[in-house]
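**Student:** The following block contains the structure, expressed as structure tokens.
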Amino acid sequence: MQRITILGATGSIGISTLDVVARHPDRYRIHALTAHSKVDELAALCVRFRPDAAVVGSPEAAQTLTALLKNLGVPTEVSHGEEALCAVASSAGCDTVMAAIVGAAGLAPTLAAARAGKKILLANKEALVMAGQLFMDAIAASGSTLLPIDSEHNAIFQCLPQPYQRDPDHHGIAKILLTASGGPFLHRDVATLDSVTPDQAVAHPNWVMGRKISVDSATMMNKGLEVIEAHWLFGASADRIEVVIHPQSVIHSMVSYLDGTVLAQLGNPDMRTPIAHALAYPERIASGVAPLDLTKLANLEFHVPDLERFPCLRLAYDALAAGGSAPAILNAANEVAVEAFLDGRIGFRQIDQLISRVMHAATPEAVADIAGLFEQDRHARQLANAFLTT
Ligand code: NDP
Ligand code: MG
């Protein structure tokens, strides 16, 4: 029986994870579930999955959840805040942690799970983008297993020889080919991009996801973050990671080998496939996802990304090249920009402009510890917020 903590249980990835878990009650048991503010949703999940612990964002939310669970006769222990998140992520009561909090808020608990040697199913790419070296060092020191949930990285993992040494040369790999759908604005007239609304930006053609990652997909910052994520996960330099636009999202990514072989992973675009893969690895379990019907596929297209249309992709490659805290600065500026766009404070094209301004104004540094990293994150957010008002 695998005992699981789900960080971000009320989100899109959290709900998909619980869907897969519920199909296999003989294999999985829920140790802890966390949410930020969706208390009613978390209470309903506690009724259904009976976790030992539940964590929310504030004392008020914890009070409400405690009262709800008491009325419902559910004995789940309730706590709140970052320390409580770290506690359920590193608890002796769990073996596996699904890291599915969105943004930098997921870093501390995911790192706590890494230090505690847990099996980590990583959806929270921002944690790895921010803290790449520190995070991979923690994984190596504790001997914890890191399995990618991001569909592209999960696909790449499946196309790599195992055990993988985090060295493309060792395995005769020429390139990692990271596929990207191009999002909702792939063919839209660039001149009209600034008038798009948040609802148009989050309407992804192939995937149903949380609002932040949906905007990231529309700007292609999501792919930029994924290039940095692939760098850390697979030990590949930037020139070995190539982004390929593939609007159908049937191929979830590929690995190109020196002998001319290209291995690809295919499937319907449903996150339950990579989640089930990582949960059961190295075994395979049913995920509820329908098998791909190859005879019903239309043409599969592949294009080179247009960096004029998607400047965020270039900004991410720049941050990876700059190294040190540059990816953390990029991530922080992006989080502020996306929130401002979703709140209607800036237009769509101002997202990349704001990030670019912050990248120019901040000086990336080599960071030796997590406190230094959070300091850089805080400074970049301050800069971004100041630019928002000027
Ligand atoms: P959602 O917005 O749907 O869910 C986010 C979850 O995190 C919710 O449970 C939310 O709680 C919680 N949360 C939000 N802010 C905080 C905070 N400050 N502190 C603690 N918890 C918080 O996001 P997704 O599920 O779409 O994405 C989660 C992660 O997975 C992201 O990093 C994303 O990039 C990655 N990912 C997602 C994919 C997808 O298909 N959705 C695909 C690949 C990667 P509450 O509900 O209470 O607000
Ligand atoms: Mg992805």
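A Cβ is built for glycine as well, from the same backbone N, Cα and C atoms used for every other residue.
Note: TrEMBL annotation is automatic and uncurated.
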**Student:** Which candidate from GLU60, GLU77, GLU226, GLU242 does TrEMBL annotate alongside ASP150, GLU152 at the Mn(2+) binding site?
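**Tutor:** The one candidate that TrEMBL places in that Mn(2+) site: GLU226.
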**Student:** For the NADPH site that TrEMBL lists with THR10, GLY11, SER12, ILE13, ASN124, GLU126, give the additional residue from the candidates GLY182, GLY183, GLY210.
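**Tutor:** When TrEMBL describes the NADPH site, the candidate it includes is GLY210.
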**Student:** So TrEMBL lists LYS125, SER151, GLU152, SER181, SER217, ASN222, LYS223, GLU226 for 1-deoxy-D-xylulose 5-phosphate; which of HIS170, HIS171, HIS187, HIS204 goes with them?
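**Tutor:** For 1-deoxy-D-xylulose 5-phosphate, TrEMBL names LYS125, SER151, GLU152, SER181, SER217, ASN222, LYS223, GLU226; of HIS170, HIS171, HIS187, HIS204, the listed one is HIS204.
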**Student:** Could you give me the DSSP helix, strand and coil counts for the domain 'DXP reductoisomerase C-terminal' (266-382)?
**Tutor:** 67 helix, 2 strand, 48 coil
**Student:** Taking ligand 1 as the reference and 6 angstroms as the Cβ limit (strictly under), which binding-site residues among ILE13, ASN124, GLU152, HIS204, ASN222, GLU226 are close?
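**Tutor:** Only ILE13, ASN124 meet the Cβ criterion.
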**Student:** CA-CA, which of the binding-site residues ASP150, GLU152, HIS204, ASN222 lies nearest ILE13 (NADPH binding site)?
**Tutor:** ASP150
**Student:** About how far apart, in whole Å, are the alpha carbons (Cα) of HIS204 (1-deoxy-D-xylulose 5-phosphate binding site) and GLY210 (NADPH binding site)?
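**Tutor:** About 10 Å separate the Cα atoms of these two residues.
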